[in-house]
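**Student:** Positions annotated as compositional bias 'Polar residues' by TrEMBL: 545-556. Per TrEMBL, compositional bias 'Basic and acidic residues' is recorded for 558-571. According to TrEMBL, the feature domain 'G' maps to 67-188, 272-395. The feature domain 'GTPase Der C-terminal KH-domain-like' is assigned by TrEMBL to 459-538. TrEMBL lists 247-266, 540-571 with the feature region 'Disordered'.
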Amino acid sequence: PSLFKSYGSAHLLNNFRCSIPATLRFCTFAVSEDDVSKPNSKTLEEATLANQKSIDFTKLDINLLPTVIIIGRPNVGKSALFNRLIRRREALVYNTPDDHVTRDIREGLAKLGDLRFRVLDSAGLETEATSGSILNRTAAMTANVLARTQFAIFLIDVRTGLHPLDQEVGKWLRKHAPGINPIVAMNKSESLHKDPNSFAEAATEALKLGFGEPIAISAETGLGMTALHESLRPMLENYMAKVLDGKSSQDENLSQDNDSSKDDESKLPLQLAIVGRPNVGKSTLLNLLLQEDRVLVGPEAGLTRDSVRAQFQYQGRTVYLVDTAGWLQRGDRHKGPNSLSVMQSRKNLMRAHIVALVLDAEEIAKAWRSMTHAEVVIARQAVEEGRGLVVVVNKMDLLKGPRNSALYKRVKEAVPQEIQMVIPQITGIPVLFISAIDGRGRAAVMSQVIDAYEKWCLRLSTARLNRWLRKVASRHSWKDQGSQAKIKYFTQVKARPPTFVAFVSGNTKLSNTYVRFLTKSLKEDFDMGGIPIRIMQRSVPRMASGSSSKTGQSMGKTVERTPSDKRSSVV
């Protein structure tokens, strides 16, 4: 093997003699001295360069990784390939020949063998879409994203053959990304592995696109991922070699990345979920926070179907932002993508640290109520799951003007009071009034979100809590003091959300009124408003030895130790 690596396999195979007897079954080859003494210098250089380009993608910083976008016409399996690469079912996959499920750009970390790269799932391209339509807006958004990507996977459906739309997408790609040479992948090719002739015909037809030889894959079954790995690896390695060029060495760069990751472990990233009913401005708020047009926005209700996950930096803190689809009423949930969107929104609500509930100011003014039943359900579920809650009232620009000045003031005064009445489990819920379409309110929203997150992660020492407990007990008197359980000590067992344990003497338990009193006092004294607080109880049994010793001391008797042979006894 070392000879093959050093001198080149093609050079050695030209002087190859093989004999395989029926009994011995072994193979021998001979190499002349001239061949060994005069190695191929060009092959040696190629081997050296190959060793230098060997990069461990698993140890690189995610911000340095290349970006690969999956493009193609609608319904060719782009979201299925995206899920296959990130090894999770993040993107919605549904068979809708007459509709397009994916409308936004989704981003994830692809794990293809030992390769790591950022992968983008895009909406289906239709170049003949009318101006102003949803498909035309998604194509414009994909063109903007192409400007910051390095590679592309051009996906086609091999079962339908080369569609005219595929050729239009190829022309569109040459126009908007002339510097990208995509990898043509023939998806849904699980049937071609049995028929070599059909595979050759499909490959010949795909060559008409003019992007080189295609590869056959199946995103649903995972076939062809090895071929995709072999096609991507040299391009990704060349890109990373250029990125890492100019630094002292790759090892120093990796050690710096590892040290920075260790420092970031103490400061975990914040996960923020934007939830609410359809058409209240959730996607507009996400674009405002990211300061870029990442998701599709418009007057149509229900534009967002996938829960779009994005990452950005705010004041040195990593924030993972999730824009969820609008929560529908039970009667409005139809079978298909809408029902899958609601299920996905619930899952993202469970993963979030802080939940931003978006309300519509215009609907509040018309209906004379702050929250509908669906919004109350969202808020209560977030509280029950132990998540921090921030309420954002959007579209306040529609209430501005001399005619609406009184209504504007009434809405700002009534909404916090009504929210407190509807959600009594949490006091001090922050309420913000913004206009995302005007680009106002980003700093206010992020300030409240970070403040709620820091409260959600708050830890208090046991000594500080017990000093607080004595002060609280002294300033409050119960009518029946003897019937109240006595707390021996109070401690915090976990954060995120803050969870406390009250150790109560005997078998008695704290009343619900007393627990509510402690919860309210914690929020007021330690500024923990807007986040859920959990208080659990544990009983401390009375020790028999302690009672007997006290009795012996009261009677004036001395307790003497008697020798014991328990250590030497055998049970």
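Just so you know, glycine gets a Cβ as well, placed from its N, Cα and C.
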**Student:** Sort the residues of the domain 'G' (67-188) into helix, strand and coil with DSSP and give the three counts.
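**Tutor:** Going through the domain 'G' (67-188) residue by residue, I get 35 helix, 31 strand, 56 coil.
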**Student:** What average pLDDT does the predicted model assign to the domain 'GTPase Der C-terminal KH-domain-like' (459-538)?
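**Tutor:** Per the prediction, mean pLDDT sits at 87 for the domain 'GTPase Der C-terminal KH-domain-like' (459-538).
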**Student:** For the domain 'GTPase Der C-terminal KH-domain-like' (459-538), what does DSSP give as the number of helix, strand and coil residues?
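**Tutor:** Looking at the domain 'GTPase Der C-terminal KH-domain-like' (459-538) with DSSP, the answer is 30 helix, 20 strand, 30 coil.
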